[in-house]
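This structure is in structure tokens; I'll ask about it shortly.
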Amino acid sequence: MKSLTILPMPPDARDPSSRTLVVDADCGGCNDGRCIEPAMSDPSDVASSPSSSALGPSCDCRDTEFIGEHCDVPCSKQCENGGKCVPASSEGGEETCSCTKAVVDGNPYAGLRCEYGATKSCMTLGSVSKHSFCVNGGECKDIVLDNEQHVDCDCPGGFEGPHCEYLEGEAPAGSTTTVAGAALASTDGSSQSREIDTVVFIMIVAIAAVIGVLLLAFFVRARRRRSDAKLRERQAREATEEFSMVPTNDPETEII
């Protein structure tokens, strides 16, 4: 069995820059790509490393302008601003640009080639989010927190896409653009989540209202009882006072 020459790296297996490397010869050459040990591979790398296999080391081409088993096939997409070329998902398909790392000076980019920089932040604090933003003058459909999903943009004429990053008619079929952070969830999923939140909120308000009515009824009834008790006490006291004022017949004072 062929032995591997291991080059130790930092232990964070999810960070591509800190994977355990093996020498290029073990991958058959990587053309400036990185030969990585499969046990340390991240499943998300499959798109950019088509040769990834549990049976042996593979080339990681993410930091090159090439694709293929040995990073020797020029990418047909000229990705910009740090975007990376992703191999076609099927035979005869077309390479695409992943804009996951397309961030320049803190400003994220999106588009077929990651060519459009953010022009509008969809974050509550106004800072440019790495996943929730609009380009080409688009307006946010909703403002979200940092941990919430992006909810599309209202695009000006001539543009379309979750971030208005595509010219009309040029959006890839079934595209869910991956931009600076993670794959974006569909708007339907986000809408369903918001509907559930609304239903839960209404239920909480309704329950609180019922509890409030019950507490109010309890206090009104208790107050009425105290009032009735005081009334009975006063009536009893007045009756006692009237009885004590009634004259009595003293035999010794009677005149015969």
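The count begins at 1 with the first shown residue.
Cβ atoms are placed via backbone N, Cα and C, with glycine included.
Note that the structure is predicted; figures quoted are calculated from it, not measured.
Take a look at what TrEMBL says about it:
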type	residues	note
DISULFID	Cys155-Cys164	disulfide bond
DOMAIN	124-165	domain 'EGF-like'
REGION	233-256	region 'Disordered'
TRANSMEM	199-220	transmembrane segment
Looking only at Cys155, Cys164, which of these disulfide-bonded residues has the biggest number of Cβ atoms within 10 Å around its Cβ?
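By the 10 Å Cβ neighbour count, Cys164 comes out on top.
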From the DSSP assignment alone, can you count helix, strand and coil residues within the domain 'EGF-like' (124-165)?
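Its residues fall into 0 helix, 10 strand, 32 coil.
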For the domain 'EGF-like' (124-165), provide the mean pLDDT of the predicted model.
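Taking every residue in the domain 'EGF-like' (124-165) and averaging pLDDT yields 87.
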